[in-house]
Structure formats: structure tokens, C-alpha cells
Amino acid sequence: MGTRSSPEEGTPPPLVPECDVEVQPQGHPEESREQEASEVLAEPSSRGGAEQQAEEEEVGEGSSTESSRDAPEATPPIAMAATPPASTSSREGVRGAARRLQGQQLEALTRVALMEQRVKELQRQRKELRIEMEVEVALLRGELAGERVAARREEEQLRELLEQQAASEQRGRQQREQEQRRLSQERDRLEGLRQRLRKAQGQLDSQPEDQRERLLQGVQEMREQLDVAQRAYEDLEFQQLERESRQEEEDRDSPGPQVPDPKVQELQASMAQHRRGALQHRIRVLEEQLKSLGEQMAAESRGLSRKKEEALQALSQERSRLLELNCLQGTPGGDFSEPNPALTKLLFTQKTDRQLLVLQDAVAHSAATPTSSCLFSVHSSLQGSIGLQRTGSLPRKRGERGSQRGSPRPLSFHCTESLEASALPPAVGDSGRYPLYQLLNCGRGNSCGAIHPDIAHMERLLQQAMAERERLLKAREGTRRGTEGSSGPAVPAITAPPTPPHPPGPRILDLRQHLEGWGHNPENCPHVQVSGCCCRGPLVKMGGRIKTWRKRWFCFDRQARRLAYYADKEETKLKGVIYFQAIEEVYYDHLRCAFKSPNPRLTFCVKTYERLFYMVAPSPEAMRIWMDVIVTAADENHAP
């Protein structure tokens, strides 16, 4: 990385603007060690020459452990000249202290990760407990409401039964009283006629002969009236007896007597009272269970909240200790002398659902120049990729190829100023590819909030920044060589690794000839339109949130490096885009995982960082063509 300055030289190398932080994929921690050269150049002159030599030797050791992907670009370190024993012992002491600090940092990182996992587990348990308790409470409340409704129904039936009984008794009593009054009236009338007849017969003997005939006629009329009244009384009495007998017969024959037997009615009332008491007892039991369940839920919630608070306090303490260790090992600004991707993730990024918040150390805010935090949004497909690069293999043709990503996934940066060369972190030894994640350096005058959704524009800016960075590295190398030549170098120079080339574009490939070479015949497949760089055709796709199957028109474009799908064949209503960089796997749905697939035998899957797409082809040949087309695009993008 250029010549090394001797410890005796007091002139620091020229400063070059660089990014504050760089987050590298966790799967390749060796790549971050190559940035030591540029970080050493940016350090203040207060650091001694022995520390610079120690860090440069650590850079050499990090470069010798590069992965197989970066092996062609990494240059083996050249043996350094012999140094005095004092410098050697000082360098070994610094190296040992750095190792101890790094070990403590890794231990603290492990504890922090475990505590974060504990906090998440407590949150999950609390959520599950709340859901379970809510379900139990809802069930108990529903059962209690049902029991109360049944109790009210029983009470209403009992009240109606008692009212019917009272009304029936009242009607029977009134009817009997009315019949008794009629019988009494007829009996009194009959008795009056009898008394008149006896009185007339008594007067008949004492009357003279001339009046006796007239009295005999009156007595005869009275006897006739008495006979009529006697017959009427007997008829009325007979009708009453007949009505009573008929009522008794109806009561015996009918299943529901209008006037039930008092014993039966008493039995029914007692049964209703018993059922009512049982329902009330059940209601009391359910109310007690509901109350105890609420108390239990509150107690468990308080316990989980207390455990969560304890875990959060421990997590805060471990993070503070980790920041202190970082300040002991790194610079006052919080940079690491040996960047660790996992530590970088922990200290500088806090992953939310769809955002990465760049955090800054409070010590850096008080000691160094205050800078504003920069926020950039990352699509949810990037979840879990900071510090842990996801790898995948395409089962059809990606067998033994490397799992490194060739180009970055789409990012949406929020910064008002344009991207400068100093705002991008160095990416030496990255084989000419862009870093997977890059944190922008928002200075004091920068403000966050403007959105640049144009991905192609962002890629062009990244290429310009890479070129500017390479130019600055060359200028730095020339300055170092000039300084070494003027001071008479006593040690051999270290040759810089070759400049990484620009990301190569897609190789020239005729898609139609490629498919024909694989044994396909696009001419005989009317459902697919294949040209040299495009492939179009209808597919049935399952929705992401709402699992419904809809027919879409897919357009595979190698020049735009994307697979777009539209609502119409004229390609005017764009519904979604799948970029080549996001494709991980393409495979046949042999497990029949698609939800209610219209044709499971023609269903295949396209796995991306964001989601899993289920698609149904119109024919088997169309399915094979589409799978080979998408696999070819993913192979080109992920080729090592």
C-alpha cells in the first residue's frame, strides 16, 4: 500500500477525505483489514512511529489471510527490515494489548447478542402470554354471557308458568262462583214456589164452595210453575255436572292441561328453581375464574416486564463497556484499528424493520467535531444482511460457484447533498465490486431527508466515487514514493496491490441461442417470446400479502438487468420488479408449498432476498424455459 514512513520522520503523510464508517459483510472479515493502509494515512501525527509500524505489519498479516475470492488482488507482504530490539518489544506489547482488547470486545459482543436475544425472547413470551390470556378471557366471557342468557330465559319461563297458573286458578274460581250463584237463584225461586203452593192448599179447605173452584185453578197453576222451575233447576244442575265431567275428561286426555295438577305444578316450579340455582352457581364460578385469570395475567405481565427491564439494563451496561473497550483500542472518533464487521454492526447500526439508523458515540460527539447522523433506508429484503452476508445457490447451474454478491442491492439514500468521493468508504481488495453496504458521511452542513430512488443513477455515482478513490490512492502512493526518495529510503518499498477494475457489464450473450443450446425450442412454445436479450410471456403469480393468484405479463430484460411483471400485455401498468442482484434460487415446487396453486405440476419458485415468488407457467416447456432464463441471469450476476 505504498512505502512505509520511518519512525524518525516527523512529517505525517497527506490527509485524504474518507468516510466515517464502513460496514463490511460479516462473512468476510479479512476484507476490512485491507483498509488499514488508508486508515493509517488518515491518522494524526500524534501517534508514534512504532504504532504505525505495528499497524502496517497487522495490515500485512490481514492481507495474507485474504479469502480465495480476493486472492488474485491481494499482494503478499514484503519482509520488513530489521528494527531495533526496543521497537520490536514495543510493537509486540502493542500487538498483545490489541489482541486482549479484541478478545474482550468479542466477549462483550457475545454477551450483548445473548442479552438482545433474551430481550427478544421475553418480548415474544409476553406477546404470546397476552394473546393466550386474551383468548382465555374471551372464552370465559362468552361462556359467562351464555350462562347469564340461559338463566334469564329460565327465570322468564318460571315467571310465565306462575302467571299461567294464577290466571288458570282465577278463571276456574270465577266460573265456579258464577255457576253457584245461578244454582242458588234457581233454588231460591223453586223454594218460593213451594211455599206459595202450600199456603194456597191451606186456604183451600177454609173457603166456601163458590170460591173453591177458583182457588183450585190457582193451585193447579202454581203446581205447574213449580214443576217447570223444578225441571229448570235440575237441568241447570245437570249441565254443571256434565261440564265438570267433560272438563275432567279433557284434562285427562290433553298432554298440557290448562289447569295443571297442583302437585305437578309444584314439581315443575321446584325443578325450575333448581336449574336457576345451578346456573347462578355456574355464573359465580365463571366470574371467579375470570377474576383469577386477570390477576394471573397481570402478575405474569409484571414479571416479564421486570425481567425485560433487567435484561435491558444489562444490555445497556454491556454496550457501554463495549464502547469503552472500543475507545481504548481505537481512535477518539470511535474507529477500530482492526475493523470487526460484527462490532461495526453492533456499534454503528441499529436495525429496525425497514431502516438502518447510524449511531454515533457520545464520546466522539464531545471530543471530535460534531457530525449529524445519516439515515438511509434499506428495503426489507436486506433484513439480516448487516454483518451476516446471506449466501445461496441456484440448484440448476450454480453448483460450486462462490456465494459472493457481485453488486449491491438497491439502496435508497436520504441525503440532500450529492455523493462526493470522500463520502464513500474505500473498498480495496473487493475484486472491483461495490461494497454490499456503505454508510454515507453526513457532515455538519448536511441534512437528511431527500430521496434518490434512481438506482441506475446511484450506481453511476458509485462508479465515479470508485474512480475518484483510485485516483486519490495513486496520488497518495506517488507522494509516499517522493517522500521516501527525498529522505533516502533504508527499507524496500511495499508495492501496492493492483487497482481494482470497474465492475464488468453483462457479457454478450444471445439468449435465444443460449436456450437452443440447452435443448429448448422457443419456436414451438407459443407462450414465450424469446429474443436476443429479452424473454416475455404470461405467468400466474401468487400475491405477497393476499394469497391470491393473478395472471401477469412478465418481461425478462438483460440490458435493464431486471425481471418486471405488468398487469397488461402492452407493458404499461407495471406491478413489480425483481432485480438480478436480488435473485438467490430458482427451483421447481416439488414439495407443493404454493397455497392453492391453480396447477401444482407447473409451479416453480424464485427466491429473492425480500420474498419467495410462486409462479405457474402455462405449459411444461414454458416453465423449463423461464426457469433456465432466470437461472442464467442469476448465474451471470453471482458469478465469481
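Heads up, residue numbers simply count up from 1 along the chain you see.
Heads up, the Cβ atoms here are built off N, Cα and C, so glycines get one too.
What Swiss-Prot says about this protein:
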type     : residues : note
COILED   : 104-327  : coiled coil
COILED   : 454-481  : coiled coil
COMPBIAS : 495-504  : compositional bias 'Pro residues'
DOMAIN   : 532-635  : domain 'PH'
REGION   : 1-100    : region 'Disordered'
REGION   : 162-189  : region 'Disordered'
REGION   : 241-262  : region 'Disordered'
REGION   : 387-412  : region 'Disordered'
REGION   : 476-504  : region 'Disordered'
Quick one: DSSP breakdown of the domain 'PH' (532-635) into helix, strand and coil?
22 helix, 46 strand, 36 coil
Run through the region 'Disordered' (162-189) and tell me, per DSSP, how many residues are helix, strand and coil.
28 helix, 0 strand, 0 coil
Whole-number mean of pLDDT values that fall within the coiled coil (454-481)
78
